[in-house]
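Summarising the annotation, TrEMBL assigns domain 'Fibronectin type-III' to 4-100, 105-201, 203-302. According to TrEMBL, the domain 'Tyrosine-protein phosphatase' annotation covers 526-767, 799-1047. Per TrEMBL, domain 'Tyrosine specific protein phosphatases' is recorded for 684-758, 990-1038. Marked as region 'Disordered' by TrEMBL: 186-205, 287-312, 467-506. For 436-458, the entry in TrEMBL reads transmembrane segment.
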Amino acid sequence: PSNFPDGLKLNDTTSTSILVQWDKVPYCDKNGIITSYTVRYQAISDRTNHGNKTIVLAPLMSANLTDLIINMKYRISVLASTVKGDGPYSSSKVFTTNQSEPGAAPRNVRGNSSRSTTILVWWDEVPVSKQHGEIISYTVFYWKTDGGSQGKEEKEETKNRKVKLIGLQKYTDYTIQVLASTIKGDGPRSDPTTIVRTDQDTPDGSPVITSLTALDSTTVMVEWRPVPVNRRNGIITRYIIWYLHEDEDHKNARTKEINASALNATITGLRQKARYSFKIRAATSKGEGPLSGANVTETEAVPKAGPLPTDRIGTATAEIQFDTREYLTNGNPADPKYKNVRANYEQKKDGEPYITAEFSRKDARETFTIGDDKYYSKSGVTESRRKRRETAPEKYLNGKLEDGTETAAFQRSFDATGFYEDGNLYTFKTSNDPTLAIVLSIVIVLMIAVIVVGIFIYRRRRQNSFKGDEDEGMPMNETSRGGKASSKRNRMSGIDNPNHSPGETIPVEEFEGHVRRLRANGDLLFSQEYSALRPTSNYTWNATLAQENRFKNRYNNIVAYDHSRVKLNPISNAPGSDYINANYLDGYARKRAYIATQGPLPETADDFWRMVWEQNTKTIVMYWPSEGGETHGDIQVQLTETVELSDFTIRKFCLKKSNSRAERMVSQYHYTIWPDHGVPSCPTSVLTFVRKASGSNPPDAGPMVVHCSAGVGRTGTFIVVDAMLQRIAAEKTVDVFGYVMSLRCDRNIMVQVEEQYVFIHEVLLEAIHSGYTEVRASDLRSHIKNLMQVNQNSGQSEMEEEFTRLGRGVAAPQSKFQAANMPYNKTKNRYANVLAFDDSRVKLSVITGIEGSDYINASFVDGYMMRRAFIATQAPIPDTIPDFWRMIWEQESSTVVMLSKETESGKVKVHRYWPAKQPANIGNLVVEMTNEMVYDDYTMRDIKLTNTKESASRVIRQYHYTGWPDVGSPDSGTGLIDLIGQVQRWQQHAGVGRTGVFCALSILIERLKSEGVVDVFQTVKQLRAQRPAMVQTKEQYEFIYFALREVGDAFVDS
């Protein structure tokens, strides 16, 4: 034939077949009888020239092609043949067989868990020849595999060749299968051989303490059950036992780590006869789980300390051996600095005790000879008998004993608070003097006369000692034997400077100079003034000493004077039911403004809440019940609200009395950062606390109840500061000495130590310097307007003067920056005048063998509601970039805010510490930027941080604020304010100026939203106490106010 068949048509295509049809060859082109047709088809991917052929005998004009390749493109043509041969092929037509479900599963399915509840699964594609079409999706099937049993099957679909499975059970094996799908259906699953275990995490559950056994006076055995298997979330690596004495704050709790293989442990070094709470938690390699509930036990009592006998007893002397215990029998620790051991002898014929010597614990001897006829000072130093007339009452004569006389000795031990106890008596008899026995009959009359005269002289001396005269010995303080106090010195004694008179009223404008004089010569006048705080009147405390009340007193030497004690409404047939260890104290211009009391004991909690109800108290400082509700006698106390701030916590209670519909709301202010020893380092925090607590007390409320543990030290500090602040506001004068003296007339040893007395002056000086700078949101706009007014006398605006006041005070000494000033750390500081305080600096983990490896110029900064909410740091210099990323990893920071451009005014401000394209290897860390998005005012970068040693990764989000001009501050605070809610940690080139602005705004905005007030001055002041020079310039200080004005307007409108 000279032509090909017409009308080639393709029909009924499937994934492996097609029906081919055609028409006859035009008649004039047949050139004979058509005997057959040949259909040629070839896959386009087939590069050969022959393809496949199918011959169809005429007269049929169709062919069904089968066994084609799925989803394959073919080229097809047809020719006609006569007996003389083949004609030409028709033009080719192209067709594609239909898709089908995949013929194989994805290959090399694998997974990895970087977090405890996620698994990243990825795989290779299905072989091309088995795909059978376009893969449109993958389905991942997974289930828990526990001991061979299969859990509920879950599935996740994705278009990619990887998927993150989330919400998984921690530290659990999962079996994973994957299949691929085309539009025609699903292919087979991969083999169920891929098993991935989720990463470990901290335990969800806690061990359970099953037994607490007091082994002796200072040791407790703790036994426990392990965490349930399904709540361990990993391999338990250790247990941590948490234990706390009942009188201590939670932050003073101690811990002991125990190997994971153990289910019991021995806790030593406890106080004897003391109640302890024990809790326990378990830990995996990822960290610690929750604490168990508290279990309470009491250690055993130790016998009273007392002198021990020796064999060396003479006619006029006797040697005893001291028993210096670490703890007193009430459980109080004996302070090494203050514990004094007093050896005494007592002649039984008249029963009067007599002090022979006093020693500090560090100077105490193993043995002591009673009757050596020498003087002993308070430090235990021996002095010549010839100095007798120069001896003050603080020195003691260890007088000779009489021969052949029965004598008793006991030891008195003190703790740091002044509490003491008397030890057991040791009775002995001195030897007889043979010489005296020979002449006894001769001088019997003279002996009788000597005894009579001796008794007369002894009694005269004893009477004189009560009048404050010097004597050879000092009787026991009346506190130990009766209920009456008398001063041995008047209020002015001990003041050696004739130009200084304590108790004088100081005008506020002279107070700074007054404090400077007291501080001169190592606080000499402070010490003398504090020593003079001794009321001259005699006060009784018979109710405290009553037998039915003794157990209600936390400390034996903290008493409630009878004339000022709070008397409860007595309960019928309950002797002593009107007693509580609490005293009324006058405030400024108000009688009985305060009640100072001890921290309630378990036995006196009912009395405490009775007092709160009966006295109509609306504000309590320091004490709170446990979560939920408690019933104390006929008063139900319900905790209704808790607000935890960085320095103190505010709680609200609802008090209801049984058989009555009356209820009252009481607020409690709990200062949480007073250190275990000493006083707070920054007076600003305490000033804010006192103003907040006092300012919330309603005018119609009863006395404010204030307490610490004993109700005299920190309690006295709070009350004096509050009363003096009111006096400053009303009279512009201060009299700390006179007011403390008046407090001590109503409760003994108020303001317990000199350090607290000095601290009161520091807080008041801060109040005078700072003024009252708190502003309501509704007044903020007018307040800023006033601040911008120029003072005609100084030529400065009020804003400038306020900023200048921030810098008043003594500059921090270099001793506060010891780590920063070490030779091997100095090169790590970008600026020599911007260093990290030792007490607030971020400490890196130590690298063995590298000095200063724990140092980075970075400081923790408290937020509004959380301590250490932020880290303020300089931008890394080239040598400290590894330390910067180490800090980010170790502190688990998730957000970094950068407030400087890399270059400003032609100077490098920030060395680029993040990689641009390729990942950077920094020690054990790999830093990789995975995403970058540029906005109007900032650039947002996602940075993946991988710890190769721990096989773990985290994503850090960096906000690079670019809206800050090279000079000055932004025109509007809107852009910066928008960022604040997203930030937990940040850094900037010096880590003080703009960083301080960012930190201050974060805190102030939180307070504005919570309380409706702001205090820019005090906020910046507290920031500077944690890192020097926070908010460096007046322009930055102004910017804080202007930014707050924008927030405040929106707050007021809402």
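Positions of Cβ are set from backbone N, Cα and C atoms, glycine also.
Whatever TrEMBL says is automated annotation, not expert-curated.
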Long-range Cβ neighbours of the region 'Disordered' (186-205) (under 8 Å; 6 or more residues past either end): 101-107, 109-119, 121, 123, 126, 130, 132, 139, 141, 145, 168-180, 227-228, 231-236, 281-290, 952
Segment confidence, the domain 'Fibronectin type-III' (4-100), expressed as mean pLDDT: 89
DSSP-assigned states of the region 'Disordered' (186-205) in counts, ordered helix, strand, coil: 0 helix, 5 strand, 15 coil
Residues of the domain 'Fibronectin type-III' (4-100) by DSSP state, where helix covers H, G and I: 3 helix, 41 strand, 53 coil
